[in-house]
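Participant: The following feature annotations were taken from TrEMBL:
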- HIS80, ASP91, HIS189: Zn(2+) 1 binding site (BINDING)
- ASP91, GLU126, HIS381: Zn(2+) 2 binding site (BINDING)
- ARG214, ASN274, ARG287: allantoate binding site (BINDING)
Amino acid sequence: MSPFPNNLAEAIEWLSSYGAVPDGGVTRTLYSKPWKEAQQVLKEWMEELGLQTSYDPIGNLFGRLASKDSMAPTILVGSHIDTVLSGGKYDGAYGILAGILALKHFKEHQGHPKVNLEVVSLCEEEGSRFPIACWGSGMMTGIYCIQDINGFRDSEGICFEQAMKEAGFGIGEQPDVVRSDISAFVELHIEQGPSLERLQKSIGIVQSIVGQKRFRITVKGEPNHVGTTLMKWRKDALLGAVTMIHDLYGLTKEYDEDFVTTVGQLFVEPNVPNVIPGQVEFTVDARHPVNSVLSIFCEQFKRQFLEIAQKLGLEIGIEIWHNVQPVQMDAKLQQIVQTICINSNISYHVMNSGAGHDSQLFARMCPTALVFVPSQGGISHSPSEYTSNHDLETGLSVLIQLLHRLAYK
Ligand code: HGY
Ligand code: MN
Ligand code: MN
């Protein structure tokens, strides 16, 4: 009896066991043990299905259904294998598993495609372990280069290069991660928001993805004794940080409701009750569909932070570590998906994505399509993330029709 799944619902449960954590979520960060195991079992499954598998030097995993035409370009379908900490079972995984099942369908029923079809399990998108996001797609599109990860360490001090090497990867002399043969990228993904459920639509056809800027803010004060240091003598890094964060959320209210900003991570040192915090590090994630609005907001909050630091006698460091522009998805591919939905009597909604995706990077290299299925309650990046089997299968049926149109017609 094959250890591999027979359908999408089984595949989601099967893959989510790699990195399963007690609260019911999944933690599968770049180059970690569960990450490596997940990539390896996906490789073995694709080989059993008769796909040609390969890794590139940084750990992107591919399964190929080749055309007979050796000069043919490649249509890439897939998503990312990594997750946030205690994330859901569907974010990223769904796009990979649906891609594998689509190629399984074509191998069994359609034979060789006119162009190569490849499913990719991209090594990293979330930015959960190291301060870089979309590492897999960023290297494949040439937006990143290997030097971009120099000096990066995770929260346990493990350096990026060491983690990559211990997982069995690393750039040789020729970092041949950039792909020039990709003629289109297709990503099937959960919406991670409430729109499709609220509108009772089965498919989201993404027209654009918001711009995103992520910052690391370091506030330095003076650690001191809480009992003997009068308030007027203090250089309290945490007081500075909470004042900045309060003002950041206040500033957001001056913008339209499409503007979202979040402080998701905060570290206090030395983080003990009877020492005035000497240093605080926190993150700012800011997003908006229009890049100029996003830039103006970021300039404003940085000015505010500097004023607060000066007033409280603190030092401040502001470092941007993820900066992606808003991007349009390919109009022709959107049109094809729309026609597929109409002909199949599948309800759809043309929409923007507030979540970032690997499609954002591929769209700068080739025509790209991002297709959503509903998220129950709009919840994602949580153990409660859920999409019904019916919605998963509807997404797969649209994906199969789209890839058939692109690779067999
Ligand atoms: O953060 C995001 O938008 C994506 O889920 N990585
Ligand atoms: Mn995500
Ligand atoms: Mn994702």
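We count from 1, first residue shown onward.
Cβ from N, Cα, C; glycine included.
Unlike curated entries, TrEMBL annotations are predicted automatically.
I'd like these features described in context: how deep, what's nearby, how far apart.
Facilitator: The 10 Å shell around the Cβ of ASP91 (Zn(2+) 1 binding site) contains 26 further Cβ atoms across the protein chains shown.
Secondary structure at GLU126 (Zn(2+) 2 binding site), as computed by DSSP, is coil. Listed in sequence order, THR29, HIS80, ASP82, THR83, VAL84, GLY87, GLY92, ALA133 are the same-chain residues at least 6 apart in sequence whose CB falls under 8 Å from the CB of GLU126 (Zn(2+) 2 binding site).
Annotation note: ARG287 (allantoate binding site) sits in a strand segment as assigned by DSSP.
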Participant: Between HIS189 (Zn(2+) 1 binding site) and ARG287 (allantoate binding site), what is the CA-CA distance rounded to a whole number of Å?
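Facilitator: A Cα-Cα distance of 19 Å.
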Participant: Compute the centroid of the Cβ atoms of HIS80, ASP91, HIS189, then list the same-chain residues not in that set whose Cβ lies within 8 Å of it, in sequence order, for the Zn(2+) 1 site.
Facilitator: SER79, TYR90, GLY92, ALA93, TYR94, GLY95, GLU125, GLU187, ILE190, HIS357, ASP358
Participant: Tell me which of the binding-site residues ARG214, ASN274, ARG287, HIS381 ends up closest to ASP91 (Zn(2+) 1 binding site) in space, Cα to Cα.
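Facilitator: For ASP91 (Zn(2+) 1 binding site), the closest Cα among ARG214, ASN274, ARG287, HIS381 is found at HIS381.
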Participant: Determine the Cβ neighbour count for ARG214 (allantoate binding site): the number of other Cβ atoms within 10 Å of its Cβ.
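Facilitator: Other Cβ atoms within 10 Å of ARG214 (allantoate binding site): 23.
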Participant: Return the residues near ARG287 (allantoate binding site) by Cβ distance under 8 Å, restricted to its own chain and a separation of at least 6 in sequence.
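Facilitator: Result: VAL210, GLY211, GLN212, LYS213, PHE259, VAL260, THR261, LEU294, GLY354, GLY356.
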